[in-house]
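Colleague: If you scroll down you'll find the structure; I have some questions about it.
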Amino acid sequence: QHSTDYDEVEDDRAKLHLDAR
């Protein structure tokens, strides 16, 4: 499992994207 800030940011963005929808 990769635990990097970039991965976390990407996940956050994906969640925001779904929320924005």
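Glycine too: its Cβ is placed from the backbone N, Cα and C atoms.
Found this in Swiss-Prot, in case it helps:
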type	residues	note
COMPBIAS	1-11	compositional bias 'Acidic residues'
COMPBIAS	12-21	compositional bias 'Basic and acidic residues'
CARBOHYD	THR4	O-linked glycosylation site
MOD_RES	GLN1	pyrrolidone carboxylic acid
MOD_RES	TYR6	sulfotyrosine
REGION	1-21	region 'Disordered'
Colleague: Taking helix as H, G and I and strand as E and B in DSSP, count the residues of the compositional bias 'Basic and acidic residues' (12-21) in helix, strand and coil.
Modeller: 9 helix, 0 strand, 1 coil
Colleague: So for the residue listed as 'sulfotyrosine', how many other CB atoms are inside 10 Å of its CB?
Modeller: 8
Colleague: Report, as numbers and ranges, which residues of the same chain sit near the compositional bias 'Basic and acidic residues' (12-21): CB under 8 Å and 6 or more residues beyond its ends.
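Modeller: Same-chain residues near the compositional bias 'Basic and acidic residues' (12-21) but 6 or more away: none.
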